[in-house]
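Lifted from TrEMBL, the feature list:
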TRANSMEM  A:6-31  transmembrane segment
TRANSMEM  A:78-98  transmembrane segment
TRANSMEM  A:118-138  transmembrane segment
TRANSMEM  A:159-180  transmembrane segment
TRANSMEM  A:192-211  transmembrane segment
TRANSMEM  A:240-264  transmembrane segment
TRANSMEM  A:270-290  transmembrane segment
TRANSMEM  A:310-329  transmembrane segment
Amino acid sequence: MPEWLVTTILILVKLGFVFFLLLTGAAYMVLAERKLLGRMQLRYGPNRVGPFGLLQPLADAVKLVTKEDFIPSQADKFLFFIAPGIAAVTALLTFAVVPFGPPIRLFGREVPLVICDLNIGVLYFLGLSSLAVYGVTLGGWASNSKYALLGSIRALSQLISYELSMGLAIVPVVLMARSFSLTNIVNAQAGLPFAILNPPAFLIFLVSVLAESKRIPFDLPEAENEIVAGFHTEYSGMRFGLFFVGEYINVIILSSMVTVLFLGGWHGPLLPGIVWFFLKVGFISFLFIWTRGTLPRLRYDQLMHFGWKILVPLALVNVIVTGAILLLLNPAKG
Amino acid sequence: MTAAIFYILSAAALLATLMAITRKNPVHAVIYLVHAFFALALIFFILGAPLVAAWEVIIYAGAIMVLFLFIIMMLELTPGEAARGPGWQRWAPVILLSGSIVVCTLLLMTAEPQAGPGGPNFYASPRDFGYGLFKEYALAVEIVSFQLLFAAVGAFYVGRGERTRRRARGDER
Amino acid sequence: MNLYQDIKATAQAYWITLRNMFRKPVTIQYPEQKRVPFERYRARIVLTRDPDGGERCVACYLCSAACPVDCISMQAAEAEDGRRYATWFRINFTRCIFCGMCTEACPTRAIQMTADYEICRRDPLTLVYEKEDLLIDGPGKEPDYNFYRHAGIGVVNPRGQGEEERPPADVRSLLP
C-alpha cells in the first residue's frame, strides 16, 4: 500500500472514531445529565425506555425528527436554516486538535491519537469558540422574535466577556509549556498537571468554560423563566436538536480542553492513557452537571461584574505573575 | 497552485467587502464582512503567517464583528419588513463565498503552501512573531497600544454624557 | 470575612447535592407501584343504591346546581308509585374537578366519591359516564341509610308508618 493511502485511511478511521464518540457521547451526556439531576433531586430520572432508560437518546432523536418543523413567517429563512448548523459544526470541529491519547503503534508506524496536531492548536480552539457565537447570535436574530433577540444579545455579550478571561487563563499554560500545540502542552504536564502548578489559571478557566457553555449558573441566554428559551425560542424539530446536541458536544469539548490544558491529558498512573483521558473528561463533565444541580442562575449585572471586574483582572495578574516566575526560574537566553 | 488560491481568495475578499458596503441590512453586511476576514486570514496563512491568520479569525471575525452585531441588535438598526426574509437566491453570494473559502482551505490543507512556486520565502512561527513584536518593534507596539488606551479613555469621556460631566465638574445647579 | 462565607456556602451547596445523589429517591414508580389513597380520597364519582337495592337518586338536580364546572346533567321522571328517579344521568369526567360539592349537596347520599383515581383515556368521549356506568350495586359509604325511611312520606310510604314518625294527629280530637 502506498504511504499516502495509509495516512488517509488512518485519518479517516480517527475521524470516524472521534465523530462517533462525540455524537454518542453527547447523546448519552443528555441521559446522564437527566439521570444525575434526577438523583440529586431524589428522583429516578428517565428509566422507561429500555433498561435503565438507556434507549432514551434514541427516543429523543425520533421525537425531534418527527416533530413539526416550524419557521416563523417573518424569519430570515437562510440564516434561520444555517444558524444551528454553525453552532453544531463549530463545536464538532474543535475536537480535531484535541489529543485524546498517547501515540500508539499500528502496522509498524507511530500513530498520534489526534486528528490534526496543529502547531497553533490553542488558537484554533479559541478561534472556533469565538465563531460559535455566530450560530447563537444569527439564529436568535433571524427568528425575528423579541425573546430570541434578547437571548442572542445576552449570549453575545456573555460569550465575548468570558472568552477574554478564558483566553487570558490559557496564556500561563502556553507560557509554561512554551508551545501552542496541544500535544506539546500535554507532554509538558508529564510530571505535574498545570492545575496544581497554577491553580488560579485553572479556576479562572473552569469558570470561564462554564460560562462559554451557556449552562447554569451562566445560562442567561436561554433563561427559561425570563425569556422563554432565549435564542432558540422559535426553533423546533431537528433544528432545535442541532442546537441541543451542539450544546452537549460543546460541554464534552470544553471538558476535554480543561483536561488537556490543566489536568495533564492522558498522563496518569496504572491505567492506559486513553482511559485516563476519558476518565478526566467524564469527571469534568460531571462537574458541569453537578454545578447545574447545585447553583442558581446569576443576575445579568452580576454576570458582567464577575466577568469584567473579577475574572479578567485576576487572569491578567496571573499572566504577569506566571511570566515573572518563569523568567526568574530560567532566565531568557537571548 | 498557491498563486491560484491566492487570487481566488483575493477575489473572494474583494467581493465580500463590496457586498458588505452595499447591503442595506447591517446584519447581512456583517456576515459578508466576516467572509472577507476569513478570506484575509487564509491569505495571511499563504503568506506564511499562521499566527496572524489565527488572530484575524479570533479577533476580527470572532470578537470585533460580534461586537458590531451586538450594537446592531441593541439599536435595532434593521430596516422595515421589506428587507426581512429574502429568498434563497439573494444569499447566493454568501454560498459562493463560503464555498470558495472552504474549498481553498481544503486545498491548502492537502498541499503545503510553502512548497510550490509563488509560495512565501519565509515562515513566521509564533516564536518569531513574538520576538519581532516585542523585541524588534517593541517601541512601535507600545506607542500603538498607548494610542488605543487614549482612544478608550476618550470614548469613555464622551460616553459619560454631558450631564454627568457637568456634575463631575461640580457646576450642577 | 465575606469571601470566606461565600466559599463556605458554595461548598455546602455542592456537598448537599452530592449527598442527595446517594439517597434513595422518593419517586413512586406509578404503573408498577401504586399508591394507596386515603379513605376519604375524592376521585371517581358513583351513584349508590340504598340497602334494599333501590336507586337512591331522586333526580333533585341539587348536585347539578352545586357543581362549579357544570359537569352533571340529568333528566328527572316519576315512577308509577310516585317515586322520582333520573331517566338519564350523565357526568362528564373530562370537566369534573373532583371538588366533592355534589356529594355535599346530595340529600339522599346517592352521589358519592370513590378513591379510584385512575381515570385517564385516550379518547375523551369515553370519559362521559352515563347512568349505567355510574350506578354501583351497593350503598357505598352509608350502608344503612335509606332516604325513603325518613322522607318521601305519602309517596312510597303510607302516612304515619315511617321511622321516627308519630301517627298523624287527628285535628278535631286535639281540640281542648
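Heads up, the Cβ atoms here are built off N, Cα and C, so glycines get one too.
Counting only same-chain residues 6+ beyond the ends of the transmembrane segment (A:78-98), those with a CB under 8 A from a CB of the stretch are 18-19, 22, 71-72, 114-118, 121, 124-125, 128-129, 131-132, 134-136, 138-143, 182, 234-235, 239-240, 242-243, 245-247, 249-250, 253, 256-257, 260.
Sequence-distant contacts of the transmembrane segment (A:6-31), counting only residues of its own chain at least 6 positions beyond either end whose CB sits under 8 Å from a CB of the stretch, comprise 46, 53-54, 56-57, 60-61, 92, 95-96, 100, 106-107, 109, 111, 113-115, 244-245, 248-249, 251-253, 285. Counting same-chain residues at least six beyond the ends of the transmembrane segment (A:118-138), those with a Cβ under 8 angstroms from any Cβ of the stretch are 79, 82-88, 90-91, 93-94, 96-97, 151-152, 155-156, 159-160, 163, 166-167, 170, 173-174, 179-183, 185, 212, 214, 221, 231, 243, 246, 250, 257, 261.
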